[in-house]
Structures are given as C-alpha cells and as structure tokens.
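Written below as structure tokens is the structure these notes are about.
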Amino acid sequence: MELSEHIKTANVEDVTLRRPFHPALRGTLCVTSHHLLFSDRKDEDSWQLLILLRNIDATEKSVENLFGYPRAVGSSGTITIKCKDLLVLQLEIPGMEECLNIASSIEALSALESVTEMYPFFHRPSHLTLHGPWGLSSTEKYYKQTERLWDRWRVSTVNSDYSVCPSYPHAVIVPREVDDEKLVQSARFRQGGRFPVLSYCHHRNGMVIMRSSQPLTGANRKRCKEDELLLQAVIDGSVLGYIIDLRSTQQAQQARMTGGGFESKSCYSHWKRIHRHHERGKVLQESLIKLVEACSDPSHSVDRWLSKLENSKWLSHVHSALSTAGLVVECVERDGHSVLVHGSEGTDSTLVVSSLAQLILHPASRTLTGFLGLLERDWIQAGHPFQQRCAHSAYSHARLKQECPSFLLLLDCVWQVWRQFPLALEFSEALLLRLAQEVYASNYGTFLCNNEQERCAAGVKENTHCLFQSLLSPDIEEQYLNPLYEPTDLAIWPSVHPQSLQLWTGLFLRWTEYAQNMEEAREEVWSIVKKHRERAGPDRTNNTPSTHCDTLTPFENLMDELTIL
Amino acid sequence: MEHIRTPKVEQVKLLDRFSNKSVTGTLHLTATHLIFVESNSASAQEIWILHHHIASVEKLSLTTSGCPLLIQCRNFRLVHFVIPRERDCHDIYSSLLRLLRPVSYDELYAFSYNPKQNDQQREEGWQLIDLAAEFERMGVPCDQWQMTDVNREYKVCKTYPRDLYVPITASKPIIVGSSKFRSKGRFPVLTYFYQEKKAAVCRCSQPLSGFSARCLEDEHMLQAISKANHNSRYIYVMDTRPKLNALANRAAGKGYENEDNYSNIRFQFVGIENIHVMRGSLQKLLEVVGTRSLSMPDYLVGLENSGWLRHIKAIMDAAIFLAKAVTVEGASVLVHCSDGWDRTAQVCALGSLLMDPNYRTIKGFMVLIEKDWISFGHKFADRCDQLYIDPKEVSPIFTQFLECVWQLTEQFPQAFEFSEWFLIQIHEHIHSCQFGNFLGNNQRQREDLQLKERTYSLWAHLLNEKQLYLNPLYSPSFAESHPVLEPSTQAYHFKFWRNMYHQYDRSMHPRQSILKQVLTLKESNRELEATVQALKTKLQKFGVSTSPLKPKTPPTERSLPPRPRSLILGAPLLSRKEVQQEEDEEVFGEEALEDPPASTGGERTVEGSSATENGYGDLPGSFGPKNEPTVVTLEFGVARMTC
C-alpha cells in the first residue's frame, strides 16, 4: 500500500492551532506522507509548524455534530496531538469529515512499521550528500586510538556475519589470548549470544569495563569453560575483578529457573559479584508515563505534585543508575580493578551504567565528539534495540510491547552530571534535548533499527544521513556547545544524595513559560563568554587555563557514600 | 570568659554528617566562637562557629573512641565531634550551655564586635538606609498621603516606628481610635505606594471585633484609605490567616472585619499557617534531609509530609494576589494577620518585591528588609531566639521570606541583582547577633539599646563585599521589560533550597559553579575594557588618533586573572587587586594611576576595603591572631565548607 493512500484529505483551510503559552493561530493544515504542516499563510513573516508524523505519540479526536447532517454549517472537530517530545497541540478543524480523515491519516502514518518507509529514507537536504563517511566512531577506531589496548587486546571479527551474536557489531574487542573458537563457545553460554566484550579501557591504569548478558547457567548450574577462560583472560595477572550484576540477588536466583543465571563464586574464583537492582522494560516505561502525566497537570497542589513525583519513581531510577555508575568508577579508578557489567539481556541498563561510568571517568568522552562517539559505540553499535524501545513515548495509549526509555534515562543522568559539573562537559543541555527528541522521531537514520545487522539489511548507511555528523557541522555545532567548558582530567564523581538530584526541567517542563526565562539566561551567559573571548583575543580562548582543576582535587572528588569493600 | 573551663582540646575527631569519614584536629573555645582546626596541614580546614549560631548542644553516650558531642546550628550546620576524654567533653558541653544562652542583650556579640572602624564610619554605615528617602522615592508624602507624628513617642503603638504614613483625611482622633480597636495598637499604615495607579499597600493587625463589636474610627480609617485612591471604588482587606484561625480568634475578642460594617471592602482570607505550624514544618523538613543514606522515595515523601514547600507556596500565592490587586486592578490593599508582624510582613515585603524592580537590587532589598521587617517590628529577637526566652516564640518566618525570594530568583534568573549567597548571608546574620540591625523586637527597643551608637550595621558590611553577592546574569533591561514579576505558582516550580539547608554539607553540592565562572568572566571583561580605556587615554595624550587602532590592538598580554582557591560557589573572592595595581603601574606609569578609568577606580575601592580579601591570604596556617572575625563567618562558613 502506498503511503499516500492513507491520505484522504490532504489540505484543510481555516484550521485553528492552539499551543501552550501561545495565542491561537488560524491557518492551513496539510498532511503529507511524513509530515503535518501548519501554516498561517500570511504574506510576510508567515509562520509554519512542521511536525514529523513519526513524532506523534497519540491523537485524541472529538467531533461535534456527529449525528447531525454531514457538512452542515458549523460542524467541526478537534484533534489533540501529543508528541513524543512532550509537546501537546490542539487543532480545530472545520468539517467533521475532514477532521476524521486527518485523524485517521495521522494515526496510520505515525505508526509505520517498515523501516524503509520511514522519513530518514526520504530526507534529502540539499547541503548533504549520501555515500559520504557515516558515523564518528567504531570498534576499530576506538582500538586504534587506545594505545593501552594494543598489547593485550585484539579486534575480533568472529561476528562479521552476525551469526555468533545477532545484536553485536561485526567487530568487538576481546583479550588477545582468547581465540575466536572460544568466543563462539562463550556466546552460546550467554543470553542472545552477548559474550563479554570490552567497552572501555581506563587511560590511567589500563583497567577495563566489560559488558555482556547473563550467563545461561540454568537450574542445574551449567558451566562453560571458555566463558570462564575469557573472563580469566580479562583480569590477566591481577587478583580480582568485579561483576556488577544489575539485578537483585533474588532476581538473579530466579533467572536460573528460566535458563539464565549468574557467575558463581566457585567457577569464577577471581571475580567478586555485586548485585544492584535496576528496573527495566515496562516498569521504566510506566515510570516515564507517570512522570509526564504528573508534569502535565498544572492544577496539582505542592503536596500532590511531590507525591506524584515520588510515585513515578523516575528520580529513583536516575538515582540508582548514577550510584551504580559511581560504583563502577570506584572499582576502576580508586581500587584499580576491572569490571564486568551485565543485567539479563545486556542491552539496556547495562549500557546505561557502562556509558555513564565512561563519562565520569574519561575526559575525552566529555567532549561533543567524544560523547557522540561513545553513544555510537556503546548504544547504536552495541545493539540497544532503539526501534523497539522508542516506538512510543509517554502519551501513547497503545499496549506496551518492548518500549523502554533507557536512553532517556541515560540522558537524564548525563544532565544530572552536568548540573553538578557545569564546566566539565563540552556539550550543552541543548544537545541532550535534541538527542531526546531525535531518538523518537528523526530526519536521520542514526537511531533506526535495533542493531547493526538490521541496519545493514535495510541499507541505512547507504540511504540515510547520519545525525551525529550533521550535529558536528560547523554552522550548527555552536548551539550544542557549553560556553563555560573547561576540560578537566579528573574523574567527575557526581553526588547521589537525593538532595543533589533534580527533576530535569529542561526536558519534562520543556513547553512551559519557565523554559523561556531559562533560555534568555543561557543567551546571557553566551554573550558574556563571547564578549570575553572577543576582548581577550583568540589565542587566549584556545588554551584557556583550566582554572577549575584546583577545585577538583582528587581528595575532594571522592564519592562519599559508596562503600563496597 | 569565666564560663570557659577548658579553652583547648586536642585530638578531637570531627565526623562527617553523611558519610563515614572523619578528620582529627584541635578544638578551641573562645568567648565568642567555637573553633575546630584540622591537624592535617595539607588540607587544614578550620570551622568557626559563633556561639549565637548554636541552637543546641547534645552529649551522646560514651563510645570506645570517646565522648560524642552533637552541635546543631541555626544556620543548619550540624557538627559531630568526638572528644577523647569524657571530662573535656563535659567541660566544653557545660561551657557551651552557658555561652549559648545569653541572659541580657549586653552579652550579645554585636556589643563586643569591633571591625576597626571609627565612629564616623559606623555612623555612615547606619545612615546607608534611609526610610524617609524610600517613601519619597515611592512618591509619598503626596496629595493623598502624609506623614503623621502621632507615634513620635511610641505612645499609640509601641511596636511601630516613629514615622508613619497615613491618608491625609485620617485625623489624629481617627488614628488613635482605630489603634485602640486593633491588636497591640497596630492600626492601618502605609507600607508601599504604587505610584502608577496611586494604589497603596497598607498593613495592620487584626481588629478587636469579637463577635459583634465595631469601631467607627476604624471604619473611617479604612474609608480614608479607600478614598485616597481614585482608581478603585473598593479596597481589598487580606486576612493572611486561614479562616478557621480567624474564627477562633473571635472567641478571644479579636477576629476579622465584618464586610457589612465597612463600606466598599472586599474581604479575603489567604490561609498562611501560624508560627507554630511553620516551626514544626521546618523541624520535620530538617529531620528528613538530615537522615543518613536517605533514599529518593523517603526524601520526596518526607518533603511532602513536612509541608514546607506548601507553606512557601501559600506565602507566594498571597503575595501574587496582592501584587495583582494593586497593579492590575489598581486597588489599594490592607494586609493583616493576627499581630501584623509575621505573615503580614512576609506578604507585604514579597508583594512589593514583585511590584517594584528597585527591591530586586542589592541596596533596594536592604531597604525592603529595613522597612517591612525591621522598622515595622518583626520580632527578630523572639523569632530568632536571640536571648533564649521562649522556644514557642521561635519560628522561621524570615527564613521563609528569604526562601520565597530564592524561589523567584530560580524562576527569573535575570531579574535580581543579587545571587542566593546574598540571601544566605543575610540569614547567617539574623542569628549571628554580630551586627545591630536585627537585634531586639522593635524600633523602640533598639533605641533603648542604643544600637546605633554601640554596634555596627550589617548593610555597610554587605555593601563592602558586594562583589561576592552579585548575580552575573542580572539585566537591568529585564526590569524595564518586566516591572512586575508574574511568577508561576505551579507546584513543580517550588524546589528544595539545598544551598540554604545544606550549606555546610559539602558532599551535596555541585563541584563547579556556573555562577562563579560567569562572575569571573564578567569581572575579567570589565578589567580588559578598563585596560583598553586606559591605553586609549594614554594614546590620546601622545596625540595619536585611537579610532583605527582601538579594535585591532589587543591590550598587553595578560593571563586570566588568577582565580582564588576559595570554593564559595556563588562568588569569586577577588584577590587580584595587587596583581592589577602592579600591572597598572608597569604599563601605564604614574599618569595612569593619577587618572584611572572610572570603573576600575570605583571598583578598586570596593575591593580594597573588602576585608575578606585581606583575610584570605593567611588562611591555612595562622589562625591565632584572627583579627577579622567578621570575615570568619563568611570565609570558613560559606567558603570553606560549601563545596
């Protein structure tokens, strides 16, 4: 079925658009295969609103005069559009039939299943050409950049045809002494074939963060020699490594009943296992839904708001993600041990924790390029199933399937880190907001599909543009930069006291009046910084001494309440 | 001095409140301060605690490592010492018990505090704030309002100031009659005049109406207030109490205005709870946030159960109502609660702040506090427990006001000249009793105490350190485009004020501060600008045309001004005076110094006289001859502990 067949009414005149905190506008509404376009059709300064249909999470329609005469004068309908970026719009459409047609087109076209029908495959901006280099980072590049790895680690292409692990990229980093045959065996012993691979190597002491899925020990405590050897090779000479299991002890025990399990002390004698409970999947999605609901009801009293905020548990999830990431950092940086992180599937909270830990540890991943590269390696190539997880956002009434805002949780945690270290990240809140939007609906192919294998099959690289590259293009890069950036070499441990964490107002209250004041304040900061750069001369700005390093002495910089030993 | 039995204890452990860390050091007890000096020389931190700041001292049961002493401060600091010998602990404990309960005003720190100023400087300090000038700025006296001398001798109302402003048509008999019908004689007087609409904000205490009493003079008084404003036929009477409380007061012969007896009033309850509820609420809040390894759900539930933010919102709602009535409807408003010195002060002050951009500047905010809180008799001595008289009178009313202002600064980052550190510093000093401003309960008492002759003014001190409290994002043009602030009162805008209630819990704070960074940049901008100006003048002296050169030639190469190691989050301590002066001399020689650019010159005076800066250099090693205890509260309080 052609996309255009879904469109019964393409154009309606005299539509009234209502947005929060803006006066109502009258204009023309158009529906195309991928967009909803509203224009007030004024000759000068005409104002347009272009919404990707993919961005629409839910629509509600109410039609007056349903049983009256069709096309009677005054019959009209209202469509409420709730977007995945949390914007809510209202359209008043004259003519009942038109209204129903438009609503059904939106519903059909916003829920396209086939990847190749999605807009990124049609987005052809004039300034970009296809077939250029795609993406910023890859396993091979990371290996090449990280000299510390060359000695003991190698790039394995055992998964080049995606048969060993369908959700891994074609190349992964593993210990040099473990051959591909052993990897295949280990993969059979891990859920979804996600055998332990290297995610990060600490620049200071060579300790590594590995990630995987749970071992399939099952009820009768199966073992896998190769898996044990693989982990033994990871810690090599040192005495101890930590396995951070992102499930409670009880959950891990229960997982054995369904064929999963955990690394037992007797089989992995040099590894110490720590359990930290993390919510995933449906629970996390419901948490987001509750939070957004609480944020969108302005009539709450303070008490009700606080109780709803608590009830959503979102901040608790932020809290546990940050504390576990802090725990990983503590193991790697302070105690000098390697860490293996996994939950059950190793595609969600595992990635949140491992990438947050890198952000805290590694100065390079706090730059704009570095952060995007990190996301590319640790989320996109590592096989976070974006298409399943981000099919719907907080407003959708559809029955939940695989949706889960793990990526949003990561962005929130990064925002919390930025709040506490406002000078340490090169990118700004605007970047996080942009990513939060792009992950649900995008002109670019970056977040399409669930893993590299699917992306290859769909020809994503050949037929779409790369978001990350476009974010780095010089003309738009600046808006995603942090004007106050001062690189620091140290680990940036965030405080995880509940008093230190806050609701991410920039995202969850994005469409309120409040956002505007904040925007003006941000502009003021930029103008002060620019003035300074102008006055101080260009050579000064390039090597601004990192004056804040003194506030970040390692002594003060330790996280306080994490104790593992 | 005679109360101090053990002036010094060594090997005392200071435990961190929220972790298992501890540091060892020496504890000193002086007549005014309790001082802890860490022995580790590398990071030697010092903690200076003013006795007046201590709210309670508790001796916990003996442990193997020593005798724990728990000290709670009114500025929300909590220190936990472990003293090796029980005897020492007991000595310190009993000395503190005596020292923290001064029996007379004369024992307060303000009367012994001497910042090395001469009498003239002190006098100037007290003259900084002039309320008569402030009323003049508002446009009073005018054809409808005049100053009355009825309270010159504090005969009509003991808790009001001498100079009061009333409608022209309110004659003396009316005033006196009205005052007899009002609780504590606090009859309706003007506190803010909104010139644009000629609308007045007046304040008073509750009427002694009981169930049916009325008073013609009081009715006339309200009539006169109403008549003084031609823009509106009616005035609002805001009773800031919950209706139930007002009803209960009727049984005691007090109560609220009966709309039938007063012509053209619109009566409104706004439901702010009383001092006892507020005290309990803060206590609950502090209990929750003081819990170790607090979980996120417990924190949010505790925040909700304390009701603190609900009370903050109630005050804000009332102030917004007031501001709307005055600025939008152009109606005059009369505000009262029971005695008219707690809730009334909160609402009038916050309402004026919303209406008048002037109160959002540093100087203006001082004037506002001086007017609505100090002169109109908010009972600082009782509410802040200065003399330890009646714990039932203690209540964080003023703290709530400061917090409301903070909530506004969060919503309007460009509207205020000051940052939150200004508010926090003021809060420090309502309890410190180091300056005379907040001592006593009302103006009459302050005159009896001869505060202006015997103590110093906080405002002069704060203005000297103005640099520390600036908000770098403040934009006067914002005030022009938003003369009246219209804050949103949606629940999610009310946040927990971490920097106030956890000021001293360093582990909780961001490790880097945007505020500080931007301030430094701004400062450096200004200096560069000044350098350009100076170079220009110099060039002109040599007869060189500056116009083509100016933008191209960057000033002499200089590194960024050294940022002091202080960790105060809000404000950089400007220790670059010397640096700059030296450089000025190098670059420009004497001419430049003779004729310094105006901006630098002015600023230098401020910096130069900032005691903070001078005291900073010798911070780590030498604590003995600490001659600037003023600084100490800031330095060691905010600066060392915050981050």
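Backbone N, Cα and C define each Cβ position, glycine as well.
Over in TrEMBL, the protein carries these features:
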| type | residues | note |
| --- | --- | --- |
| DOMAIN | B:125-501 | domain 'Myotubularin phosphatase' |
| BINDING | B:ASN274, B:ILE275, B:CYS337, B:SER338, B:ASP339, B:GLY340, B:TRP341, B:ASP342, B:ARG343 | substrate binding site |
| DOMAIN | B:306-350 | domain 'Tyrosine specific protein phosphatases' |
| ACT_SITE | B:CYS337 | active site, phosphocysteine intermediate |
| REGION | B:543-629 | region 'Disordered' |
| COMPBIAS | B:581-594 | compositional bias 'Acidic residues' |
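Positions of the features from TrEMBL, shown on the structure.
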{"residue": "B:ASN274", "record": "substrate binding site", "DSSP class": "coil"}
{"residue": "B:CYS337", "record": "substrate binding site", "DSSP class": "coil"}
{"residue": "B:ARG343", "record": "substrate binding site", "DSSP class": "helix"}
- Item | Cβ-centroid neighbours of substrate site B:ASN274, B:ILE275, B:CYS337, B:SER338, B:ASP339, B:GLY340, B:TRP341, B:ASP342, B:ARG343, 8 Å, sequence order | B:SER205, B:THR240, B:ARG241, B:THR344
- For B:CYS337 (substrate binding site), the number of neighbouring Cβ atoms whose distance to its own Cβ is within 10 Å equals 27
- Between the two most distant Cα atoms of the substrate-binding residues B:ASN274, B:ILE275, B:CYS337, B:SER338, B:ASP339, B:GLY340, B:TRP341, B:ASP342, B:ARG343, the distance in Å is 12
- Note on the structure: Residues in the domain 'Tyrosine specific protein phosphatases' (B:306-350) per DSSP class, helix first, strand next, coil last, are 29 helix, 5 strand, 11 coil
- Query: Which chain-mates of B:ARG343 (substrate binding site) that are at least 6 residues away have a CB under 8 A from its CB, listed by sequence?
  - Reply: B:THR240, B:ARG241, B:ILE272, B:ASN274, B:ILE315, B:ALA318, B:CYS337, B:ILE397
- Query: If you count the C-beta atoms lying within 10 Å of each candidate's C-beta, which of the binding-site residues B:ASN274, B:ASP339, B:TRP341 ends up with the smallest number?
  - Reply: B:ASN274
- Query: For the domain 'Tyrosine specific protein phosphatases' (B:306-350), what is the mean per-residue pLDDT, to the nearest integer?
  - Reply: 95
